[in-house]
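Some notes on the structure that comes next.
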Amino acid sequence: MDRRNIILILASAGTFVEALDIAIINLTIPSIQKQFSIGTDTVQWLQTLYVLFFGGFLIIGGKLSDQIGRKKIFLSGALVFMLTSLGAGLSSDFGTLAIFRALQGLGAAFIMPSAMSIVTNTFTGDQERNRAVGIFSSFAAIGSGSGLSLGGIISTYLSWHWVFLINVPILVLTLILAYYYLPKDESSEKSQKTDLLSGILLVSGLLSLTYGTHELIHIKEHPLIITSSLIMAVLFLTTLFYRLKSATQPLIDLSLLKRTSLKISSIAFVALGAFFIGFLFLISLMLQKDMGHSAAEAGLMLVPFSVMSALVAKFVLPHISKRLNSAQMAIFGWSFMLSGALALLISIYFGHPLAVVLLGAACISGIGMTFCFTALSVLGIQDVKSSEYGVAASLGSTSYFLGAGIGLSFMTLMSQLYPSELAVGNLSLLILIAYSLSALGILAYFIIKNLKMKNVKVIIE
C-alpha cells in the first residue's frame with residue numbers, strides 16, 4: 001500500500017475514535033444511571049464535559065500542531081485518549097468516570113486538528129487534497145453514525161465499561177503505526193510561540209458559557225452561580241477578542257475570519273453540532289422510552305445506518321463530489337437532515353410507526369451527516385494557506401462542538417419549560433428543524449453571493 005494512503009488511514013482512525021465516543025455513550029446512559037443511582041441531569045454531564053473540553057481545547061490543539069509539530073501532537077493526543085479511555089472503562093465511581101471523560105475530550109482536541117493537518121499537508125494537490133479530506137471527514141461521520149448502534153449492543157451484552165475500553169486496542173495499534181509511518185515534523189514548525197493566555201481565555205469562556213447555558217433551567221435554585229458563569233463567559237471572551245487584536249502572534253489570526261468560506265462553514269458547523277448531538281440524544285429516548293425497546297434492540301435497529309453511512313462515504317460521496325462543489329454538497333446533505341427531522345416529527349402524530357422513525361434515522365445518520373461533515377470540512381479550508389490548515393480545521397470543529405454543547409442545552413431547557421407527555425415531544429423536533437433551516441439558509445446565501453460575484457466578473461470582462 002502507498003505510504004500516503006497508510007498515513008490517511010492512521011489519521012482517519014484517530015478521528016473515527018473521537019467521533020465514535022460522542023455517539024456511543026447515548027444508549028448506555030440508562031445502564032450508567034442504574035449502576036451509580038444518579039438522575040438524568042447528572043449523567044448528562046458525561047456528554048457535556050466531553051464536548052466542553054473537546055471544543056474548548058481544539059484551537060490550542062490546532063495551533064500546537066502547526067507550531068510544535070503535527071506528528072508530536074497527534075501522538076500525544078492519541079496517547080491521552082487511550083489512557084483516559086482505559087481509566088473511564090475501569091472507573092468504579094461516577095466522579096472518576098466524569099474526570100476521565102473530560103480528559104478524553106482533551107485528547108480528542110489534540111487528535112482532530114493534528115490529524116486534519118497531517119492529511120492536508122500529505123496530499124498537496126487541490127483535487128487529491130479534497131479527496132483525502134473527504135475520506136478523512138467521512139470516517140468522522142461513520143464514527144458518529146456507528147456509535148449509537150455499538151453503544152446499545154455493547155452495554156447490553158457486555159457492559160457500559162466496554163464502550164470506553166473498545167478504544168484501547170484501536171489506539172494502541174494506531175500509536176505504533178503512526179510512530180513509524182508519520183513523517184517527521186519540520187524544524188520550522190518549532191520557531192513560533194503559542195499564545196497560551198489566549199488559549200486559557202478561550203477555554204474559560206467556552207466552559208463558562210456552556211455551563212451557564214446547561215444549568216439555566218436551575219437558575220431559580222442557583223441564581224448567583226449561573227448568572228456569574230454567564231457574566232464571566234462574556235468577560236473572558238471579550239478580553240480574548242481584544243487580546244487577539246493586539247497580540248503579535250495571536251492564537252487565532254482574526255484575518256482568517258474574513259475568508260467567507262471559512263466563516264460560512266463555521267456557522268454551518270454550529271448548526272450541525274446542535275442538530276446531530278440533539279438527534280443522538282432524542283433518538284435514544286424515542287426508541288427506548290417512547291417505543292419501549294431495549295438498548296440492544298435500539299442499537300441493532302441502528303446498525304444498518306452505520307453500514308449505510310460507510311457505503312455512502314465509499315461509493316456515493318466521491319461521485320457526488322465530482323458534480324457538486326463543497327457548498328452545494330453541504331446543501332444536499334442538509335436537505336436529508338431536514339427530511340429526517342420532519343419524518344421523526346410526523347411519526348409522533350401517528351403513534352411512532354417504526355418504518356417512519358427508521359426512515360428519519362436513515363436520512364440523518366445514514367446519509368445527511370456523511371455529506372454535511374465532509375462538505376463543510378472541505379469548504380472551511382479551501383481558501384486557507386497550507387500553514388494555517390490546523391487552525392482552520394480547529395475553528396470548524398470548535399464551532400461544531402460549541403453548537404453541540406449550547407444546542408443540546410437549549411433543547412433541554414425548552415423541554416423543561418414546555419414538558420411533553422412523551423420523552424421526545426414535538427417541540428424538540430421543531431428545534432432540530434430550525435437548526436437545519438438556519439444552515440440551509442446561510443449556505444444558500446453563500447452560493448447566491450458567489451454566483452452574483454461571478455456574474456459581475458463576466459460583465460466586467
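For all residues, glycine too, the Cβ spot is worked out from N, Cα and C.
Bear in mind that TrEMBL entries carry predicted annotations, made automatically and left uncurated.
According to TrEMBL:
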DOMAIN    7-452  domain 'Major facilitator superfamily (MFS) profile'
TRANSMEM  43-61  transmembrane segment
TRANSMEM  73-92  transmembrane segment
TRANSMEM  98-120  transmembrane segment
TRANSMEM  132-154  transmembrane segment
TRANSMEM  160-182  transmembrane segment
TRANSMEM  194-212  transmembrane segment
TRANSMEM  224-244  transmembrane segment
TRANSMEM  298-317  transmembrane segment
TRANSMEM  329-350  transmembrane segment
TRANSMEM  356-379  transmembrane segment
TRANSMEM  391-415  transmembrane segment
TRANSMEM  427-448  transmembrane segment
Spatial neighbours of the transmembrane segment (43-61) far in sequence, C-beta under 8 Å, 6+ residues away: 18, 21-22, 25-26, 29, 32-33, 36, 73, 77, 94, 97-98, 101-106, 108-114, 194, 196, 199, 202-203, 206-207, 210-211, 214, 251-252, 277, 281, 390-391, 394-395, 397-398, 400-402, 404-405, 408-409, 412
Remote residues contacting the transmembrane segment (391-415) - C-beta distance under 8 A, at least 6 residues beyond either end: 22, 44, 47-48, 51-52, 54-55, 58-59, 61-63, 66, 112-113, 116-117, 120, 206, 209-210, 213-214, 216-217, 252-253, 256, 262, 265-267, 269-278, 281, 376-377, 380-381, 384, 425, 427-428, 431, 435
Residues of the parent chain within Cβ reach of the transmembrane segment (329-350), under 8 Å, 6 or more residues beyond its termini: 265, 268, 275-276, 279, 282-283, 286, 320-321, 356-357, 359-365, 367-376, 379, 422, 424-426, 429-430, 432-433, 436-437, 439-440, 443-444, 447
Other parts of the chain folded back onto the transmembrane segment (160-182), taken as Cβ under 8 Å at six or more residues beyond its ends: 3, 6-7, 10, 13-14, 17, 20-21, 24-25, 28, 31-32, 35, 70-71, 74-75, 78-79, 81-82, 85-86, 88-91, 100, 118, 150-151, 154
For the transmembrane segment (98-120), sequence-distant contacts whose Cβ falls under 8 Å of one of its Cβ atoms, 6 or more beyond its ends: 7-8, 11-12, 14-15, 17-18, 21, 45-46, 49-58, 60-62, 64-66, 70-71, 73-74, 76-82, 84-85, 87-88, 91, 129, 132-133, 136, 164, 182, 377, 381, 386, 389-391, 393-394, 397
Candidate ranges 73-92, 132-154, 427-448 - greatest C-beta contact count to the transmembrane segment (356-379) (under 8 angstroms): 132-154
Intrachain neighbours beyond the transmembrane segment (132-154), with Cβ under 8 angstroms and 6 or more residues off its ends: 8, 11-13, 15-28, 115-116, 119-120, 122-123, 160, 162-163, 166, 276, 280, 283-284, 294-303, 305-306, 308-310, 313, 317-318, 321, 365-366, 369-370, 372-374, 377-378, 381
